[in-house]
Amino acid sequence: MTQYIVALTGGIGSGKSTVANTFAALGVPLVDADVIAREVVQPESAALRAIVQRFGPAMLSADGSLDRAALRARIFSDPAEKTWLNGLLHPLIQRQTEQQLRSARAPYVLWVVPMLIENNLQQRANRVLVVDVDRERQIARTISRDGVSREQVENILAAQVSRQRRLACADDIIDNSGRPEEITDRVATLHQRYLALAASATRQDKSS
């Protein structure tokens with residue numbers, strides 16, 4: 001049976017984690033691209049050794065883990081090095097993602113992918129759910145959460161697709177500019193919809 005996949009995406013500071021955790025509280029399994037990206041560069045991993053071999057020991061924190069800030073700074077202004085890093089990590093992330101998607105045992109799985117549209121991955125999902133907020137709210141939330149400057153947030157936003165492009169790819173949208181309980185209600189409604197869609201897809205699988 002093919003796993004029914006709902007892809008959750010949204011710009012930085014939109015509240016993807018809040019929405020994902022609300023689905024998880026309803027028993028929906030999560031496959032989180034950011035978590036997988038951290039797992040493939042754990043201490044002693046082949047990928048981390050390759051990064052240190054290429055960029056030097058300054059890429060390591062005191063505890064032996066990857067210093068993400070140092071790596072970001074190293075590749076930010078060097079497209080060739082960024083291409084090398086993506087070539088190393090993307091196949092590992094993709095393999096781990098596919099394994100987790102296939103092994104999920106539930107009517108549907110929530111696949112959390114911040115750069116879903118940017119990497120043109122939306123075709124892998126049965127349904128695309130976008131968490132949406134206005135730009136100023138994104139900036140304010142990210143500054144508050146990460147302790148970064150407005151300029152840094154705007155640079156990140158510039159590397160992401162536009163709000164309009166993301167919304168154009170959405171099957172469903174959660175407006176995360178309101179009260180937390182509004183998110184809970186909206187997720188509960190979508191959960192029932194996805195259960196019905198997954199059940200329908202399963203019936204079609206069996207009849208074909």
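For all residues, glycine too, the Cβ spot is worked out from N, Cα and C.
The domain 'DPCK' annotation in Swiss-Prot covers 5-201. If you look up Swiss-Prot, you'll see Gly13, Ser14, Gly15, Lys16, Ser17, Thr18 marked as ATP binding site, on the strength of sequence analysis.
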Which residues of the same chain, at least 6 positions away in sequence, have a Cβ lying under 8 Å from the Cβ of Lys16 (ATP binding site)?
Leu8, Thr9, Gly10, Val112, Pro114, Val131
Across the domain 'DPCK' (5-201), average pLDDT on the 0 to 100 scale:
93
Within the same chain, the residues at least 6 apart in sequence whose Cβ is under 8 angstroms from that of Gly15 (ATP binding site) are Val131, Val133, Arg141, Asn176, Ile183
Most crowded position, judged by CB atoms within 10 A, among Ser14, Ser17, Thr18 as binding-site residues:
Ser14
Cβ neighbours within the same chain of Gly13 (ATP binding site) - under 8 Å, at least six residues apart
Val133, Arg137, Gln138, Ile139, Ala140, Arg141, Thr142, Arg145, Val153
Surrounding the recorded ATP site, with Cβ no more than 8 Å from the Cβ centroid of Gly13, Ser14, Gly15, Lys16, Ser17, Thr18 and those residues left out, we find Gly10, Val19, Val131, Arg141, Asn176
